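Here TrEMBL flags 13-46, 47-80, 81-114, 115-148, 183-216, 217-250, 251-284, 285-318, 319-352 as repeat 'TPR'. Annotation comment: TrEMBL describes 143-210 as domain 'Bacterial transcriptional activator'.
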Amino acid sequence: MNASPAVVSKTTSNDYFTKGNIYQQLNQLNQSLTAYRQAIIEKPNFSWYHHNLGETLAQLGQVEEAIASFQKACELNPNSAWSYYNLGELLEQQGRLPEATEAYRRAVELNPDFYEFQQSLGKLLCQQGHFSEAISSLETAIELEPDASSCYQYLWEAFAQQGRRTEGIAYLHKAVVLTPNNGELHQQLGEALKANNQIQEAIAAYQNVIQINPKSAWSYYQLGMIFRDQGQYQQAIAYYRQATEHDPNSAIYYHFLGHTLSLTHQWEEAIAAYKKALELAPTSAIIYQHLGDGLSTLQHWEQAATAYRKSVDLEPNSLEAQDHLGFALAQLERWDDAILAYRRALDISLSDVVYGHLGDALEQRSHVQPLERDAHADLEEAVSCYRKAIELNPNSEAIYSQLNHALAQLNQTDG
């Protein structure tokens with residue numbers, strides 16, 4: 001008697017799905033992908049096959065395909081909150097915020113009692129300026145999960161965006177209480193308190209950052225800014241120095257160190273700090289200008305003129321730098337160049353100070369003009385400059401004195 005042939009059982013869609021799940025747990029994602037796709041071929045209208053396929057595609061970085069899979073899962077099972085939520089996450093990653101918001105909103109409608117859905121919806125609503133609705137979602141999230149520190153941060157942002165800093169800061173404080181060793185949170189709190197003019201509290205927050213991370217250059221810098229604004233320059237300088245020690249590659253720390261040193265008349269050190277800043281930021285017009293100011297104070301006029309010229313080359317529309325360049329050139333008695341710099345400054349904006357400087361340079365140049373008519377023309381223009389300065393600032397006694405002096409010389413040439 002012949003034996004019956006063996007019966008080969010057909011692999012079902014559920015078998016493929018189970019394999020896919022096992023492969024996913026083992027992080028064998030390509031095999032998982034193949035299994036899920038085979039399950040879909042066998043049973044194309046089962047939403048969870050598309051959902052799990054979407055998860056695996058997302059893990060492999062195939063975001064657009066993952067989005068399509070989650071959209072299909074939502075279409076097949078419009079009551080799956082998790083499919084909508086995962087879809088929302090991927091749309092958010094792609095910057096498709098309105099679509100992501102709608103996906104999160106649908107997840108919340110289906111499961112309003114899961115805090116993460118409420119949190120994600122609130123975060124995106126805040127980013128899009130829908131603050132009232134954002135606050136409502138985030139406060140619901142906190143009711144559901146009082147220890148969700150991220151929610152408190154998002155609530156701070158929602159209130160801050162509306163100019164309601166004090167209310168927002170209360171939430172930041174709660175976030176800090178929940179995660180007291182999070183230096184970034186203390187730093188965010190410090191910046192919020194500083195912006196709200198709660199200076200002593202801001203100082204404490206930045207000092208907490210430093211306790212957590214003694215190498216936090218940004219916190220030393222912020223403390224420097226606070227003490228500088230309070231006129232406590234030596235303390236500010238000490239903090240700026242610590243910022244440069246912990247981050248020697250940041251030009252802004254050296255720049256403000258230099259500027260604060262200049263406020264205490266420590267010119268040589270200020271100049272050294274500016275030069276270090278320029279090594280790191282060689283295209284910064286304002287740092288060149290401040291370097292020029294330091295060199296001018298020490299009457300290093302040639303070096304100052306070089307620094308100012310670099311500044312105006314980088315930023316030709318700086319009235320102050322053009323004026324300071326003119327002044328340095330005038331000290332070198334390079335009258336033509338000085339006058340040109342002053343004229344360029346006045347092309348940028350009318351200024352009684354610059355008109356006064358231009359008048360002075362013209363008056364000085366008149367003494368060295370080889371031709372009398374050129375000397376006379378310079379004096380006439382100097383008088384005109386002083387009069388324009390007076391129009392802009394009628395209360396300047398010095399300008400009246402300069403005008404009278406120029407008029408007296410002009411009368412002598414006329415005589």
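In case you wondered, yes, glycine gets a Cβ from its N, Cα and C as well.
Keep in mind it's a predicted model, so treat the numbers as computed, not measured.
Confidence for the repeat 'TPR' (183-216), expressed as mean pLDDT, is 96. Counting residue by residue with DSSP, the repeat 'TPR' (183-216) contains 27 helix, 0 strand, 7 coil.
In terms of DSSP secondary structure, the repeat 'TPR' (47-80) contains 27 helix, 0 strand, 7 coil. Long-range Cβ contacts of the repeat 'TPR' (115-148) within its own chain (Cβ-Cβ under 8 Å, at least 6 residues beyond either end) map to 81, 85, 88-89, 92, 97-98, 100-101, 104-105, 107-108, 154-155, 157-159, 161-162, 178.
Within its own chain, the repeat 'TPR' (319-352) is flanked in space by residues 285, 288-289, 292-293, 296, 299, 301-302, 304-305, 308-309, 311-312, 358, 360-362, 364-365, 368, 388-390, 392-393, 396, 399, which lie at least six positions past its ends and keep a Cβ under 8 Å from the stretch. For the repeat 'TPR' (81-114), the residues of the chain that approach it from at least six positions outside its boundaries are 47, 51, 54-55, 58, 63-64, 66-67, 70-71, 73-74, 120-121, 124-125, 127-128, 137, 140, 144, judged by C-beta separation under 8 angstroms. Within its own chain, the repeat 'TPR' (251-284) is flanked in space by residues 217, 221, 224-225, 228, 233-234, 236-237, 240-241, 243-244, 290-291, 293-295, 297-298, 314, which lie at least six positions past its ends and keep a Cβ under 8 Å from the stretch.
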